[in-house]
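> Below you'll find the structure I mean.
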Amino acid sequence: MEISSSALRLPFLFLLVPLLLFFLLSPWNPLHNLSGGGDSAGRRAQFPPKSLTSISPPPAEPRSPPRRDHNSATARNPLDPLTVGEIHRVRSILSSYQPFLRHFPSIQSMSLDEPDKSRVLGWKSGDPIPSRKAFVIALLDNQSHLLTIDLDSGRVETHEISSGSGYPMLTMEDVVAAVQTAVSYPELEASAAARGLSVANLSCISPSPGWFGPDEEGKRILKVLCFSKQGTPNFYMRPLEGLVMTVDVDRREVLQFSDTGKGIPIPGRANTDYRFRPGNKPPEMERINPISMEQPRGPSFTVTDGHLVKWANWEFHLKPDQRAGLVVSRVVVRDSETGAARSVMYKGFPSELFVPYMDADEGWYFKSYMDAGEFGLGATAMPLVPLNDCPRNAYYMDGIFVSADGQPFVQSNMICLFERYAGDAAWRHSELTVSSGEARAKVTLVARMAASVGNYDYTFDWEFQTDGLIKITVSLSGMLMVKGTVHDNMNQVQNQDEMGPLVSENAIGVVHDHFITFHLDMDVDGPNNTFVKVNLVKEENVEGKTPRKSYLKPKRHVAKTFHVVNPSRMSRLGNPSGYKVVPGGNAASLLDHSDPPQLRSAFTNNQIWVTPYNRSELWAGGLLVYQSHGDDTLDVWSQRNREIEDRDVVLWYTLGFHHVPCQEDFPVMPTVAASFQLKPVNFFERNPILTARPVFEEDLPVCRPSESASII
């Protein structure tokens, strides 16, 4: 039977940085940049030379990674994303498709329709690529069309009109249309003038509306909120409180205009600018000199055919995705004893994000965002910043996505790949009876993607260690979404608990949560796995042969669990091969299960779920999330009570953050992160990096600073 676990629910709250989930009119890459110099798909990535005679000083400005020619790229792996040529072919097929001859639909998303898992697992490099297919979600006449297109035959293979609740992911064109409709509405000009502003002084954004009942049925709507951009690029700190417009996206019509906050001042612009300028006053601290990890022989990883990553004892497929952002697939690790490649995971990616705000006011109650399914993590990814997001010698990967008219566009440098060394040890030991200690440097490989969804930035790291461990980290930064208030000091507030914390004059930081649910298709030594619960229980020393009164003892049984094992693969000592989930700091949703936002995000009712593999069950909030009712979620699938023992199973894990804002979050929040680990358990016969070579002085060049360090 399918299972879930609330075992990670904690009796206290982690006050961590937030992850606001609504969409800003950010500069998505337009329909260009489809050609340029540099590597093209199918070629091995060119890294720095394997020898080094001198070390040059870093350039004055970070160098941008080279652009790649995507026009000539071809798929080399069954899991490779759609190429530019394939996207053009899909559009051509749909343009001549009979149901769309009268009017070409809006393409809400287009992605690879992956081959059956068994075919992918049986494929080897050099084999013919299985038939390439595209999965398209299109909108026409307010209906969601789900189509599978066979690229080899050039025909539409399946076509279904969705009968469930919910709409597809929004496009940039949807967002632009909603904001243009709102800013041309006459009453907005009057509301702006009442605050001493003109419409030209405003920046308006379009958060998703959630779903709150039948009044919102039968039409796609967006909420539009406005801010003053006078004197600052950080307009999020200057809301026109109480002003909310509801827009029919398709009819381009303002359905409702509400302005209940004309007496609330707009927070000031002082100290809101977050950009670096040479004349900025630095913080009162001693200067930190530049630091960089040098690799005199270049990186140790390779990227072949654009997506196949090989590093140390790891190999995996890495690709961008318009909805999930970053997807890792076919993750295998080499056995330290035999050298054999052993499967760990078939596919892993962030499946959904849920961010509810804890304010029931008219202008706030609907703020309960689901970023992946409403706006797309890949679609909102911005180019990573060399030397600051990613270190020198990082490898960058572009995303090739699709706009509403079916044309491809490039999301440049949205993923980076790099090796990390922070001075930590992979293992160490010193002994009094031995003259010297032993230690091994810990070097890891990181695949990184950052999504800038409106005012919030989330960075996703998949970090691979040579001991077989995979660490998944989500880091949060960006701006708060603040609520305007007449108060500029907490001593003016009689009931402080009801109002929420002031983070600046006339600006309240509204309490909210962030939940990120990961889809982890674990294939530990093959598809058929079992979830095993390991409890630590106290045992009494009843025999009393020693002074000890109690001790801990692990007890195992097949049920709800934190271990994924393959019962058909045993170690030499008779232990089943496995991986375990190692949770970090976490938080659970405290919303009522009947609350509309929680109905839609019922996948956060538990931190851990296990379901049998189903190729159609990818998105924890359902395929069509926008304005959905919660009738196609992970919670609904789990109620089918299917068998999971010794089956191909999928593990779902949710990271959670509670955020009670504070002044340090203003005007941009310092990064805070949470993580969990997938750790081998009896997978290897012994410590797999026991015989790893230490690093010696002669392995590294001598780098001397331009000025001698002060010694006190």
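Placement of Cβ uses the backbone N, Cα and C atoms for every residue, glycine included.
Features from TrEMBL:
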- Asp371: active site, proton acceptor (ACT_SITE)
- Tyr456: active site, schiff-base intermediate with substrate (ACT_SITE)
- 78-158: domain 'Copper amine oxidase N2-terminal' (DOMAIN)
- 168-267: domain 'Copper amine oxidase N3-terminal' (DOMAIN)
- 292-689: domain 'Copper amine oxidase catalytic' (DOMAIN)
- Tyr456: 2',4',5'-topaquinone (MOD_RES)
- 38-80: region 'Disordered' (REGION)
- 1-30: signal peptide (SIGNAL)
> Between the residue listed as 'active site, schiff-base intermediate with substrate' and the residue listed as 'active site, proton acceptor', what C-alpha distance do you get in Å?
11
> Quick one: mean pLDDT on the domain 'Copper amine oxidase N3-terminal' (168-267)?
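On average, pLDDT over the domain 'Copper amine oxidase N3-terminal' (168-267) sits at 94.
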> What is the one among the active-site residues Asp371, Tyr456 whose Cβ has the most other Cβ atoms less than or equal to 10 Å away?
Asp371
